[in-house]
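Colleague: Here you go, one structure.
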Amino acid sequence: MEGERAAASETEGRTWAGAHFDALLESPLDALLVVDARGRIRRVNARLEALLGYAREELLGHPLDCLIPERYRAQHARDQAAFFASPRARPMGSGLDLFARHKSGAEIPVEISLTPLRAAEGDLVVAAIRDLRERKRSAAELARLGGVLEASLNEIYLFDARSLRFTFVNEGARRNLGYTTEELRVRTLLDLTPLSHAELRALLAPLRAGARRSAQLQTLHRRKDGSTYPVEVHLQYRPEGAHPETCLEAEDAGVFVAVALDISERVRAQQALRESAQRAALHVEKTPLAVLEWRLPDGLLLAWNPAAERLFGYTADEAVGKLRAEQLLVDDDPALRALLAGQVAPTGERGTFRNRTKDGRLLLCEWSSVLLTDEAGRATRGAALVMDVTARQRALEALLSAQEEERARISRDLHDGVGQALTALGLGLNAALDNPTPEALGALRRLVAETLEDVRRISRDLRPALLDELGLEAAARRFVRELAESSGVRVDLLVHLPERLTRQQEIVVYRVLQEALNNVVRHARAAHASVVLTATRARVQLTVEDDGVGFDTSRPPTDGHVGLLGMRERLELLGGSLRLESAPGRGTTLSARLPLGGRDART
């Protein structure tokens, strides 16, 4: 009896209160409507009008079915009868997806709470309707983001700020660690890393206090099988109602987010790079070649190995950061300036230059130079291996001198020996005309054979006498004229040599000219060639250009171009250089340069 009276008292308390109820009905929190036992709409508020698109005049007195999707109406009629048979406050359709029908016919997901109300005109029910569209969208977005986190190749962890236990571990982490989701739920970050509790607390405390937005560390993760691998961990804190001033062990609803990247490949690459750098440093220290590195564009020396100390006489302390690379060189040459300024081919350059040591000695050194670039591909440094070729140069010069002396001797022998033999042959022929005895004819025949053999033997590589008598310009003009007449190739010649060169220089330039034009005749199939031979006080320049078939300079030289190697070697022996520009079908341009040091020496 007391229970029935209490229920009746509760129902009586929910009576129609006129204007007071109408004011309550206009609550801004939810859409509200009042329905009687026959399912007729008795009251609606402004929020419901806005939610479903109806004006209240369109709803009052109409059946509630107009707001219910058709497929739910039969079930709703049964539920309504059951509610009025035993009215009590409760949510409607607990655990089910509910929808309200908009005036446009669209269905809106809703949440409905029912409250019985006793009024003078009978039993009523107040339905509070809440729009779930935003909640549904948020849930869908959370599900999508959860899928992204789950599918991430990085390891992603969420762990409780109070217990440090994991609340979420994605598939990437489970795969790397070898644990199941159930096994990880009872574990913490301390079970996966060598961190102590105190170290982890010190790492997390600034995040909890809001002093830092994130933290990062490199550590090891321990797999289920006991093996480890290096990771880079990024940590953030989400308070979610937590109190930042509390310590790690305090009650807390916050959560930490940890993203771990497996950096095994990076660590291996870094280790390989360190080992490579150590080996390179060892090679630099032990190599017999001087190793130089300079900054671009000012040329300030940045590296200087022991071989450089021995070669130039400067210690590393005296050179690095104090000397510029150009201070080691004697000649002011455009090629040198380009080299030191970083204006060299990406594949590097090689050249022979005169160098000055700390004590003033002059050395001839071969520089093999390359550019070093930064991450953006900009050339920031130059580097060179430097080899002293002074002794080799002197030996080769002596050899070249001996060779030319031999050629001069052969030239004299040809004049004196073969000339005398031909004179004798002429006299013998005259005598044989008067008395052609077998003995005399046999002697003449033997003399012809011997002379022919001598000519064949000594006619190769003769040194033109004109080169010694009148110099390079006259010898070059005669050679070009005779070659044009004998070959049919039209050759334009421009020569400007204000002063005589040294004997060695004239020999080298003449031999290069010979080889270049002989190649034009033998291999280029050219109709026209041009020769420009000029000299300044600093250097002599020879350029030979033809309109022939050309060739691929990137391929190894064939038999027809082996002479190019000899030309380059001759020039480099005297500190010069040779450059070839050619392509199939586009002719060939040969450029030779030779520095003019010691031009007063005619020996």
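Positions of Cβ are set from backbone N, Cα and C atoms, glycine also.
Below, the features straight out of TrEMBL:
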- 17-70: domain 'PAS' (DOMAIN)
- 94-144: domain 'PAC' (DOMAIN)
- 141-199: domain 'PAS' (DOMAIN)
- 213-275: domain 'PAC' (DOMAIN)
- 298-333: domain 'PAS' (DOMAIN)
- 349-401: domain 'PAC' (DOMAIN)
- 413-598: domain 'Histidine kinase' (DOMAIN)
- 584-603: region 'Disordered' (REGION)
Colleague: In terms of Cβ proximity under 8 Å, which residues at least six beyond the ends of the domain 'PAS' (298-333) contact it?
Modeller: 284-285, 287-292, 340-341, 353-359, 362-363, 365, 381-383, 386, 388, 538-539, 595, 597
Colleague: Counting by DSSP, what is the helix, strand and coil composition of the domain 'PAC' (349-401)?
Modeller: 12 helix, 30 strand, 11 coil
Colleague: To what whole number does the mean pLDDT across the domain 'Histidine kinase' (413-598) round?
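Modeller: Result for the domain 'Histidine kinase' (413-598): average pLDDT 82.
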Colleague: When DSSP states are grouped into helix, strand and coil, how many residues of the domain 'PAS' (141-199) land in each?
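Modeller: Computed counts for the domain 'PAS' (141-199) are 30 helix, 12 strand, 17 coil.
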Colleague: With helix taken as DSSP H, G or I, strand as E or B and everything else coil, how many residues of the domain 'PAS' (298-333) land in each class?
Modeller: 15 helix, 7 strand, 14 coil
